[in-house]
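If you look up Swiss-Prot, you'll see 1-147 marked as region 'Editing domain'. Among the features that Swiss-Prot reports, region 'Catalytic' is placed at 199-495, 200-495. The annotation Zn(2+) binding site is assigned in Swiss-Prot to Cys292, His343, His464 on the grounds of sequence analysis.
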Amino acid sequence: MRLLLIHARSFSFEVRDKAVENPEPLTEELKRGSADNTLVVFTTVEENDNDSPSFLERVADDVLDVAGKVKASSVFLYPYAHLSPNLAPPPKAITILNALYETLKGKASIPVYRAPFGWYKAFNISCLGHPLSELSRTITPQESAPQRKPYTRDYYVIVSPDGSIHDPASYSFSERDADLKVLVDKEVFKRELEGKEQPRYIDYCLKFGFEWEPLSDVGHMRYGPYATVMLELLDDYSYQVAKSLGIPVFKVKGTNMFRLSDKAISEHAGLFGERMYITESDEELVMRYAACFQQFAMIKDWVLSYRNLPLGMLEIADSYRYEQPGETVLCFRLRRFYMPDLHIFVKDLKEAMDVGLRLHAKIFEEIRRIGRDYVSLYNVSKEFFDQNKDYLVELARREGKPILVRVLEGAKYYWVLNVEYHIIDELKRPREIATFQFDIGNAQRFGIKYRDEGNNIKYPVIIHTAILGSIERFIFALLDTAAINEANGKVPALPTWITPVQVRVIPVSSGYNEGAIELARRIEEAGFRVEVDDRDETVGRKIRDAETLWVPYIVVFGEREAKTGSLSVRVRGVGQVSMSIEELLNRLNEETKGYPRKPLTAPMLLSIRPPLP
């Protein structure tokens, strides 16, 4: 905080116009003011300032010490944004200035006045000109006593499907509770197995073109042609899954940066903490860390009735989180990623709990489709836990196994329930993928309203959810599943619908290129991704390259195939199988049924491509 202290014979001000978009509300007494023999405190609130009592008391003590030395009859607190280049966002500045004003009033034996923040003001000042009449101060929170965090007592319990509640420290874990024990060790006892070797999935990422971008910030990825088609498929699939919940879902798009000067944005950003990307143009902007800002800013302008609820809004949001450089992990913990962020607006908490059961089932359905299962951590407020134990028991019953519950006591959050769905990875570590939470605070913060049956204005409860997790984390889950399968002696593979190349046709010589291309065109016209390896390489080399890419169907095309139409197909994980083109297409249709389709994101013929890294 920067202070310029002027001992004035007289001082007066009068408000003229707005200086920021959301200034401090202007009361009659704040429109103008004056004082004689006053210490005018021109005050700049900086971005690292806070409203901790220890910091504000230090500032107040310094101001009042000067006021006493110059024998001022009053103190006049005057917001002044010209003493520092590092300004706090306006909502934060207003909060701190008002808290400083109250601190000064509480400690001073002389009157304390103030001028409003966020307004252009005309002022007149007559400085007395003695040696102490012009002073400056720079006071930082670090110079004050260490700020204590609010006391909270979080505790953990294990809730069984039969309704019994257990202390994790004395819980008897069975063999089928192995995943739960890994989660309990990490969350409750802060023990976690650290992988000493590089996880196998990293090599898989590089194989498909998921890699770091060295010319960008730490934690930013780039996506090659094969990685791109996987992203696009999951983009479409996320919307498909959201619509399958049976509620109206609106897909939207928007910007990725928002003004911190907006009160709602600033307050919401404050809840997120230190992992925010901040950038500056003419003013301070925050890069969104999910789709919340855009969706809330949009839906607050919609005219909603109880008849419209529940209502979903989805965006595949490019999201930004300032993870520490040493913590970024390819395809898992990133500074920039894609989040299929679904918000469901419901009338009240009861309806949220009903929709939550549907979400819970869908989240488990999707992870089980890829051969995995979740172990869940339920973060709940103490009030929600006390009033809704039966709901948590029902969720455990639907999981079919015990769940870990963290009860947060003494702290206020905008949510009352926040569920984290973890898989246990190849290295036996919990890895959060999907999530949902019940938000009871942000509708009012952003001005999102609906009219109930009695035409009364109400604020909806908001369910935040990522059914698949982020796009990159779902890909991590797919690749980690393949890694576990390979470690268990199985052939690693991806589901056919998301494998970048579903069929590769290999002509045995250049004389069969035309027939191979004709066959590939038929497969392409049926809606599948197919390549032709027409390079001047041996058949053995071509087959090895296709297997390296986990192509599920490799068709070697030669004289017999050209004459008979019977195809020699190498099926991944099975072996050599003879089939007709119709049988191949039937297999592909069956294995991709219910999933989106996308064309290749590279030319069909390998001979015209440069070698991809």
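Including glycine, each Cβ sits where the backbone N, Cα and C put it.
With DSSP classes pooled into helix, strand and coil, the tally for the region 'Editing domain' (1-147) is 42 helix, 55 strand, 50 coil. Comparing the binding-site residues His343, His464 on other C-beta atoms within 10 angstroms of each C-beta gives the minimum for His464. Excluding Cys292, His343, His464 themselves, the residues of that chain whose CB lies within 8 A of the CB mean position for the Zn(2+) site are, in sequence, Ala290, Ala291, Gln295, Phe296, Asp341, Leu342, Asp439, Asn442, Ile462, Ile463, Thr465. Annotation for Cys292 (Zn(2+) binding site): same-chain Cβ neighbours under 8 Å, separated by at least 6 residues, are His268, Asp341, His343, Asn442, His464. DSSP assigns Cys292 (Zn(2+) binding site) to a helix. Averaged across the region 'Editing domain' (1-147), pLDDT for the predicted model comes to 90.
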